[in-house]
């Protein structure tokens, strides 16, 4: 009877130990790994931790939630995101030097090279729908100071926006012209602070220069009439007798003999006989004159050139007229000389400056494949639309700042074919 309670106690103790052990085993949870998380991805049979940015996957993990074998990207390669499957890195891009691109940020293991334009240049997309990855080339920013204008908007993503003219300059046509320094001409309204006061000053000086001589002359005339002794008066009879008295005869030397001023055959002027008296030429007496001549006395150095001989033939200007064939752009070799003198990258800007319509440029690009044939066709169409003078070509190149190309083209045209 005493052994049953002991056996029951032993069984109860065993059951208690089993329950405690099962409870303890249920309280210890096995580690879990969720493949749907951001940092764990399932590679094969296991959920592995991925490689960080700038590393590529060398080998996956060998246990659940284990670390994969990752290596750093080699030089000139990168991976900008966390990697779970990539076994190699992407190659870094190179900036296009032909398009004037520069590296704003060099390539690293976690970022690609960032290409852009250097200071003073702006990005010009080569496609109409421009995005960050679109091809582009760099253009120099417009220098508003060189154009004598204020800078309204600095050059960054687009060209510089220039404003009004700087002080000391005024609008004239499409540009800014320096205010005149001469005080005799007109002074534009915007230049009043520069030349307005000078003009008024010199107007006053000119008025003073006119008034002072008048006052001085009036003073001298008054003094002469009131202070100088008067000449004796001559009666009308005495004056008539003096007028009827012939002058004494004088003997003229051979140099004082009469000479005839000869006019050119095609001249409508009258022939006039004059006499050289002393060192001067005077018109001859009425009986020796073939036509009425004004009473003019000429010294030897003032004698008209046609009296001494035929006039010298006028010298002809060596320059050709503006509309002559020599100043017109001829088809054939001259067109190729223009094509060779203009840089290819600025060709479309050149033909736009000449005045070729944008529709014509686009039509040539669609119809003709080769670039050189496109250049020739654009020049040919421009010649057909308006007078194609070499002066227009030189002026367009100078407006584009290609003075060296102007000299090159002139030398090409002088050498000829």
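Every residue gets a Cβ built from N, Cα and C, even glycine.
According to Swiss-Prot:
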type	residues	note
DISULFID	35-47	disulfide bond
DISULFID	48-61	disulfide bond
DISULFID	51-70	disulfide bond
DISULFID	73-89	disulfide bond
DISULFID	92-107	disulfide bond
DISULFID	95-115	disulfide bond
DISULFID	117-130	disulfide bond
DISULFID	138-155	disulfide bond
DISULFID	141-162	disulfide bond
DISULFID	165-176	disulfide bond
DISULFID	179-191	disulfide bond
DISULFID	187-195	disulfide bond
REPEAT	34-71	repeat 'TNFR-Cys 1'
REPEAT	164-192	repeat 'TNFR-Cys 4'
SIGNAL	1-24	signal peptide
Item to check | Neighbour tally for residue 61 (disulfide bond), based on other Cβ positions within 10 Å of its Cβ | outcome: 19
Checklist entry - Cα-Cα separation of residue 191 (disulfide bond) and residue 165 (disulfide bond), in Å? => result 11
Item to check | Alpha-carbon spacing, residue 89 (disulfide bond) to residue 70 (disulfide bond), which is rounded to whole Å | outcome: 12
Checklist entry - Which of the disulfide-bonded residues listed here (73, 115, 155) have a Cα atom within 10 Å of the Cα of residue 141 (disulfide bond)? => result 155
Next on the checklist: Applying a 10 Å Cβ distance cut-off over all chains shown, what neighbour count does residue 117 (disulfide bond) have?
Outcome noted: 23
Item to check | Candidates 47, 92, 138, 165, 179, namely the disulfide-bonded residues, that fall within 10 Å of residue 117 (disulfide bond) by Cα distance | outcome: 138
Checklist entry - What does DSSP call residue 191 (disulfide bond) in the simple three-state scheme? => result helix
Checklist entry - Which of 48, 176 has the fewest nearby Cβ atoms, counting only those within 10 Å, among these disulfide-bonded residues? => result 176
